[in-house]
Amino acid sequence: MGRSIRLFATFFLIAMLFLSTEMGPMTSAEARTCESQSHRFHGTCVRESNCASVCQTEGFIGGNCRAFRRRCFCTRNC
């Protein structure tokens with residue numbers, strides 16, 4: 001009886017280790033993203049690629065068209 005419990009516990013532990021690696025690799029925590037309205041982008045923001053290009057000239061990593069008024073918001077890691 002004791003041997004079967006030990007065998008079951010060993011099998012269960014190996015199965016849990018195998019299943020935990022199937023869930024994907026551990027990833028590091030992502031940095032928070034801060035946003036600021038672009039100072040150089042003028043007019044209605046229609047194309048996000050245009051907004052991102054302007055934001056990169058301002059030193060940000062990218063940009064998105066946001067809000068009801070379609071303004072260009074630049075993004076960077078905090």
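Numbering starts at 1 and runs along the chain as it is shown here.
Backbone N, Cα and C define each Cβ position, glycine as well.
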Could you pull the disulfide partner of CYS55 out of CYS34, CYS74, CYS78, going by Swiss-Prot? CYS74
Identify which of CYS72, CYS78 is listed by Swiss-Prot as the disulfide partner of CYS51. CYS72
Please report the Cα separation of CYS65 (disulfide bond) and CYS78 (disulfide bond) in Å, rounded to an integer. 19
Distance check against CYS72 (disulfide bond) for the disulfide-bonded residues CYS34, CYS45, CYS78, keeping those with Cα within 10 Å: CYS45
Counting all other Cβ atoms within 10 Å across every protein chain shown, which of the disulfide-bonded residues CYS45, CYS51 scores highest? CYS51
Of these disulfide-bonded residues, CYS55, CYS65, CYS72, CYS74, which scores lowest on Cβ atoms within 10 Å? CYS65
